[in-house]
Amino acid sequence: MSDTIAAIATAHGVGSISIVRLSGERALEFALKLSHKTKLTPRHATFTKLFNQNNEIIDEAIMIYFKAPYSFTGEDIVEFQTHGGFSVSEVLLEELVSLGARLALAGEFSKRACLNGKMTPLKALNIQDLILSKSALAAKIIARNMQGNLGELLEKIRTDLVKTLAFVETSIDYADDDLPSDLLEQISTMCEENSKILKEIYTLSQSKKGLIEGFKIAIVGKPNVGKSSLLNALLSYERAIVSDIAGTTRDTIEESFKLGTHLLRIIDTAGIRESKDAIEQIGVALSKKSLEDADIILAVFDASRVQDKEDEKIFDLLANTDKKIFWILNKSDLENVFKNTQNKNFIKLSAQKDITLLKEELQNYLNSFDSEGIMVSSLDLINACKISSEAIFRAKGLLEESSLELFAFELNLAINELARFTKDFQRDEILDEMFGNFCLGK
């Protein structure tokens, strides 16, 4: 990490200011050259003109120097607050490169912060999740995780396992001495408790992932029952083509919208029916796949048409699902000839006139999800908690069988999984993969 890196830290485009970030051994040197200053006071904002190597002015800017190790990365950092827009920050960045800086890789500032002990990989992931959060509720949950509760919990579990492993491996070296029964009981209890905690984290994260990522909603029904009209009404703008011709929607259409504090990702599917049209058949197959992926299903029927075999197929398709289903009787402003033979609790509405009742029902259902507890969005971390929990659970059983070597193997597996997200982890190849999806300048 001897080189000095630079990147634009703000979003690209027109704005009032743009921030260029510089980190590394030569950060202060480059800043002094650009500003024609002889010194900078750490953690003070300095208003200055910036010049290129031909002594031509680049911009007037605010410059802030963070002296190592008291900075985001743990290295010397200088941040330049220039005027916004497409050009000024780009010119400044080019000048820094000409002085000897290197363009930063995605997430490289955060990676350096982790390698220098300024944050754990877990906190870095939380910061990235917060940046990418798409709803107020998601931001609230992620911000809560950033306060350190999850990191402290994982570190405590890892420390418990390391201490236990060290003791057990010593006992293996002195095989003639059996572990005291009271100590065996303590270790067994520790394994049971920590396995349970990790299981709660990954099961809660999986069951409530919609609170962070957004709940997936699939609209399903036979052709021409008003699915596209319902999609447009939920989005409050015309996204899908509405036509009296059955089969107009042949592909799945996915859009996002907010209902209260919740993000919803809604999918309008092709009408499900028997068809010889090859393209429509593909659309029907995609519709069925969307049902599998959905968290919530809006099953739409037409109040103005007599129930037929195609409607029955929709009922049959949804008969064994464990997904939450809202049964919708659309076009209820017209003469109602649909017979509710399935005794479903239909929401009666007109997608082209008023869907207030559906929105209220959706909101009540979403509000029933408790946002408390530890939830994570990183699939990698969820899998690590699952693998660790299962390994610790297996270790408990092996301890009861006095298979200490296998017990140690399982504990090692759990420790290595948790260590990837705690403060002592240093494996560059995993960090490269983790931070490769981060923003430039972060």
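Each residue, glycine too, has its Cβ placed from N, Cα and C.
Annotated features, as they stand in Swiss-Prot:
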type	residues	note
BINDING	ARG21, GLU79, LYS118, LYS442	(6S)-5-formyl-5,6,7,8-tetrahydrofolate binding site
BINDING	224-229, 243-249, 268-271	GTP binding site
BINDING	ASN224, SER243, ILE245, THR248	K(+) binding site
BINDING	SER228, THR249	Mg(2+) binding site
DOMAIN	214-367	domain 'TrmE-type G'
Over all shown protein chains, what is the count of other CB atoms within 10 A of the CB belonging to ASN224 (GTP binding site)?
19
What is the separation, in Å, between the Cα atoms of LYS118 ((6S)-5-formyl-5,6,7,8-tetrahydrofolate binding site) and SER228 (Mg(2+) binding site)?
50
What Cα-Cα separation, expressed in whole Å, is found between ASN224 (GTP binding site) and ARG21 ((6S)-5-formyl-5,6,7,8-tetrahydrofolate binding site)?
54
Whole-number Å only: compute the distance from the Cα of ARG21 ((6S)-5-formyl-5,6,7,8-tetrahydrofolate binding site) to the Cα of SER228 (Mg(2+) binding site).
46
DSSP three-state assignment for ASN224 (GTP binding site):
coil
Cβ neighbour count (within 10 Å, all chains shown) around LYS227 (GTP binding site):
30
Could you check the binding-site residues ARG21, LYS118 and say which one's CB has the most other CB atoms within 10 Å?
ARG21
Including all protein chains shown, what's the count of other C-beta atoms within 10 A of the C-beta of GLU79 ((6S)-5-formyl-5,6,7,8-tetrahydrofolate binding site)?
22
Test of understanding: give the count of other CB atoms lying within 10 angstroms of the CB of SER228 (Mg(2+) binding site).
22
